[in-house]
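Worksheet: the structure to be examined is printed underneath.
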Amino acid sequence: MKQLPVLEPGDKPRKATWYTLTVPGDSPCARVGHSCSYLPPVGNAKRGKVFIVGGANPNRSFSDVHTMDLGKHQWDLDTCKGLLPRYEHASFIPSCTPDRIWVFGGANQSGNRNCLQVLNPETRTWTTPEVTSPPPSPRTFHTSSAAIGNQLYVFGGGERGAQPVQDTKLHVFDANTLTWSQPETLGNPPSPRHGHVMVAAGTKLFIHGGLAGDRFYDDLHCIDISDMKWQKLNPTGAAPAGCAAHSAVAMGKHVYIFGGMTPAGALDTMYQYHTEEQHWTLLKFDTLLPPGRLDHSMCIIPWPVTCASEKEDSNSLTLNHEAEKEDSADKVMSHSGDSHEESQTATLLCLVFGGMNTEGEIYDDCIVTVVD
């Protein structure tokens, strides 16, 4: 595996550089299809945690929860009872329960799921809420970025093998009312697909790529929940090729996608999409790129800088200031108050865990790079 520079606790990361995080403790084993979520500090905690939930390897699907404590710089295996084993599921943290992680759908070896479960990290228990309305059909839907406020948005997903569900409705789950709905939409929705990314930025949801049979999609679609109108976008710039099983995060006016697979193999590239200018940029890096991968997961984390060796730049910011922005990515920091040490200067990183290449090698590494 490629040797990336190691980012030590407190170090200030440089732009245009991929790093490895070498975190001691009980780390997750190599896996694919897991979810990766950042939960801000609660109670007396000084720093937030990254939660790796579920996933699979060729032998089994997982029901475990691993946490990376960003204050202690340590992995822990949390003994959380009640999760049904699953991989390629969706995870989200709704505004009404900012201290809990919800998961939807996914699959295990016996088939697809369409149930919801909720993790209470304080009690280390999973519960299955009573949902009063019919859910979407069972499907894989691998995302940690498709929620706005209290609502998770579901479009498409995997049926079996390379075939997607044929459902092109937009399904909306409200965590406050515990109901599913299928609102009327305008315009033409994307064609059926799975392995696409679905990411929320402000009031808009963006869908890129995906797969149906042997066809890889390179199109970009958007729906604004304020008018529920689908649009197929025609962005400028260096657009990504058709791919699937990549991952995405949103930060301010930018959407970042990393990795995925094409007919030629796994990708090691990261693209930035400007949501207002509708422009793609292939990001250039000064150091080695990480191994290409698919079916990984990623999230945005605040990285505390305590021993910066270079002059502060625009990537260093205070979390309290950043929390004033009203977009989906700023949930990373919006729940942390002045009582937490996390209001110190920090740098925002995109954290990627796990995944695999097209030769069958499965990863257990944790890599990061600066986003702005």
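Glycine too: its Cβ is placed from the backbone N, Cα and C atoms.
Swiss-Prot annotations:
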| type | residues | note |
| --- | --- | --- |
| COMPBIAS | 321-340 | compositional bias 'Basic and acidic residues' |
| MOD_RES | SER133 | phosphoserine |
| REGION | 314-340 | region 'Disordered' |
| REPEAT | 49-95 | repeat 'Kelch 1' |
| REPEAT | 100-146 | repeat 'Kelch 2' |
| REPEAT | 151-200 | repeat 'Kelch 3' |
| REPEAT | 204-250 | repeat 'Kelch 4' |
| REPEAT | 254-303 | repeat 'Kelch 5' |
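Taken together, the residues of the repeat 'Kelch 2' (100-146) have an average pLDDT of 98. Within the repeat 'Kelch 1' (49-95), the DSSP-based counts of helix, strand and coil residues read 0 helix, 24 strand, 23 coil.
With DSSP states grouped into helix (H, G, I), strand (E, B) and coil, the repeat 'Kelch 2' (100-146) comes out at 0 helix, 18 strand, 29 coil.
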